[in-house]
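What TrEMBL records for this protein:
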- A:45-63: transmembrane segment (TRANSMEM)
- A:75-94: transmembrane segment (TRANSMEM)
- A:100-118: transmembrane segment (TRANSMEM)
- A:125-146: transmembrane segment (TRANSMEM)
- A:152-173: transmembrane segment (TRANSMEM)
- A:194-216: transmembrane segment (TRANSMEM)
- A:246-266: transmembrane segment (TRANSMEM)
- A:287-314: transmembrane segment (TRANSMEM)
- A:326-346: transmembrane segment (TRANSMEM)
């Protein structure tokens, strides 16, 4: 590459289009321009703009959508549980796997939360949260072990554990319900209290998001997850600890689903055996809409989190805009299809560009 | 290659163990049933109470009522039942009742059809059969004690909401699923009543939304209702899941105290919200009265006071006189109202 650099006059090199430079040799651009171009061209930004558009539309129609204290709180609070699940799901999908059991894991820890408080009323909240994280991590470990060492596709394994975990939940809880009256006030307040206008659940979700996002972006382990997802066989040949990394991704997803279960109980105050039915698909949808490729290897958890916000906010906004229930679901479906089509188009364009610049060089 | 052959086996073993463990967990019913209470020689009435399942607070309450009635009547009553509410689980208990030669069986049926053969056998052994809470087909039992009629439920809810919003303003309904037959029947009756009853002339039903009997969806629908109808004064939720979710939403929103909520709920679900002032009152039948009435009805049948024909009347202690309606149905009355004063007396 340096060879071509020398042959080219300086003036011409600065005229090379930013997109091509970013693709072929990012270091040719100045750092500021590089960051700016990356952000402007990112999938995260486009999905964020869709989110902004939805919020603006809904607020124009009904001011209280954002500018009442309830509206503002709900805007931040409602997506926080899905954000946790989408972050875990995002990490798993990046490794070219999927975790369909998160809804059942969430149900188990939501019920565990209630049972712990009923049987040990004085238990500190932190202990309960830790217990839920732990149970979630163990259930995730089972998934991860079966996927990593069983050589069976994650789709099949986690579909199986989805039913097994839900079955355990049904046997354990039966027709029993956890009611708000069974839970300590202090714990229920956790579900709605805010610090400086930001609900605590949202803060928890954002802290988790920041930690995982930073790790994926900068740490060696994080980058290896992308490498594994891009080409699992190559990752093995290269000597990456594929099994350990995949196992860790599933443990993370399980633990976050466990935490989400506890927070669900704090937020909704009622737990029945149907908690979290179908939420695993919302988590996958959030990740895909947010730009994580379903075949792994690309995308960010920031995108997944914005996808989760978008999904929940659309569901809140569409009734306000007077759109019927059926169409609300159809809109979500259209978003998913749109995201996947966009993904294929961008991938094809990128491959063509790379080929062109190779020929050019 | 060795690894490749061994791993799937290990995997299969794990899956198999898990499924065996699961089936084992799901199958522990069937004990605690057949403690024979002995004969009925002494002249005292002997009755068996068979709820849908044991350990269910709702039925614990109805049994409490039945025991109270039995005490007043000087009868013996024994509660038996399966751990899980499945139709076939009740059959063995019904057979036992027939073999013991009990005078009466009071049951809440897990299935309208499946229990009929067993009940027929018991009735041919001269056992009087009264259903409560959930009926079988009318021809298999002697009497059904019905907790409430659709008209009664619809009228009660309108009465409560009208009282709470001062007789005027916008109201909305938070229902279960859009195709739930009983919900739709109630909603239709409420709509007719709102249109026809001059007392409700100033109340306008502005929206009906569906929470699908899911906590989270009902919760979100409550939020949407409040957002879309800023002048909303009250919400009726004729489903226990819906009313609890709506109460949870209201209890920590700005609308607490401004938007009234009523509907059908259970005291355990609603206690928190009644105590913190989110909900003033809500309705449901009182299972204790239901068990009490069913026991009196069974005693009246055994003693020959009534035969279960339409028009027969009998006394049921403090609850007063009841008349048997068409199809052998006895109606408990209008739904019971729970509020801050009485909610502490109930645990179901």
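Glycine is no exception: its Cβ is also placed from the backbone N, Cα and C atoms.
Not measured: the values here are computed from a predicted model.
When Cβ distances are compared across the two stretches, the transmembrane segment (A:152-173) makes no contact with the transmembrane segment (A:246-266), since fewer than 3 pairs at least 6 residues apart fall below 8 angstroms. For the transmembrane segment (A:75-94), the partner stretch with the most Cβ pairs below 8 Å, chosen from A:45-63, A:100-118, A:194-216, is A:194-216. Here the transmembrane segment (A:287-314) sits apart from the transmembrane segment (A:100-118); fewer than 3 CB pairs are under 8 Å, leaving out pairs fewer than 6 apart in sequence.
Sequence-distant neighbours of the transmembrane segment (A:194-216) (same chain, 6+ residues past either end, Cβ-Cβ under 8 Å): 72-73, 76-77, 79-81, 83-84, 87, 91, 94, 222-223, 225-226, 252, 256, 259, 263, 266-267, 300-302, 305. For the transmembrane segment (A:246-266), the neighbouring stretch richest in Cβ pairs under 8 Å, chosen from A:45-63, A:100-118, A:125-146, is A:125-146.
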